Amino acid sequence: MNTFGKKLTLTSFGESHGVAIGGVIDGLPAGLKIDADFIQSELDKRRPGQSSFTTARDEADKIEIFSGVFDGMSTGAPIGFAIFNNNQKSNDYENLREIFRPGHADLTYFKKYGIRDHRGGGRASARETAVRVAGGAFAQLLLNELKIEVLSGVLGIGKVVSDKIDFDFAQNSQIYALGNEEAMKEAVNKARSEHDSVGAVVLSVARGVPAGLGEPLYDRLDSALAAALMGINGVKAVEIGAGVNVSSMLGSANNDEMDELGFLSNNAGGILGGISSGAEIVLKSHFKPTPSIFKEQKTLNLAGEAVDFELRGRHDPCIGIRGSVVATAMIRLVLADMLLLNASTKLENLKKIYG
């Protein structure tokens, strides 16, 4: 499906080498101040071509908003926007017209649809995530009204793990590293010099989230967040709170005890029973190494024959770097959606509006 969310929805369109990518945000309340400069600044964080640690494809990623905004305020109507593609090099992919790239969605898209756009992965390209970043920025404008913030940074690249968790540092880091930036850069450069790629772990936190968000049983907050993050290109695992470590804990260690001031620990990552507890929400997204590598590889062609091929084009050596910006956006979209869904949960909420 190409639409995300229940009450607040984002529908995206476009392909990597098409005319444009874009989206429609529906369900954003009327009367919200739309800060176009903020939205553009979020897109700039993800924009390619800004350093040697991302793809050389240099797109301006300037957003054009077509509808749903009047005098700088949301009208309650769908907000349509587009980001035009200007730096495609489709000829770089001509040798892939008859070939399925290992680690990519080429084979599976062809098996599902019987047709595929070989130019940069088409619809399956991470180019589409610019739309999610824009959508997440719109969602953050709503979250700002409730003083909710979402922060992400790169916790590790390859075997290098950050020596600290500093989101202020990450915002000023060229690779959004939470710490140990130079060692992480070295890991990326080493992989790239060997015509290879490297994976990453992204840490995200949401602060100021009120207790009560989540729609049990089948749209729990934790499952919605996990699905949103797993839907990002290259994410292969998501952890919440203490994550996989809880399987080796005793209950006495895992339980987050409480006193008058709140929780004494946060192994649950701010979510209990699929509902936000009021504690900080903590998530980790594990990104696989970029499948686009410049080594000769064995694969199949459209005829099902084994062939050797070597990739051309422009690609990120570590997708987790820009992926950290996308993770922030998806968490924002989920939280904004859950806020709107939760608004009618209690009768007293309806009475405040209509009583």
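Numbers run from 1 along the shown chain.
Glycine is no exception: its Cβ is also placed from the backbone N, Cα and C atoms.
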Which candidate from Arg207, Arg314 does Swiss-Prot annotate alongside Arg123, Ala124, Ser125, Asn233, Gly234, Gly273, Lys288, Pro289, Thr290, Pro291, Ser292 at the FMN binding site?
Arg314
Around the Cβ of Lys288 (FMN binding site), how many other Cβ atoms lie within 10 Å? Please give the count over every shown protein chain.
17
What's the CA-CA gap between Lys288 (FMN binding site) and Arg46 (NADP(+) binding site) in angstrom, rounded?
18
Check each residue in the chain of Ser125 (FMN binding site) that is at least six apart in sequence and keep those whose C-beta is under 8 Å from its C-beta; list them in sequence order.
Glu15, Ser16, Asn233
Give me the CA-CA distance between Gly234 (FMN binding site) and Arg46 (NADP(+) binding site), in Å, as a whole number.
15
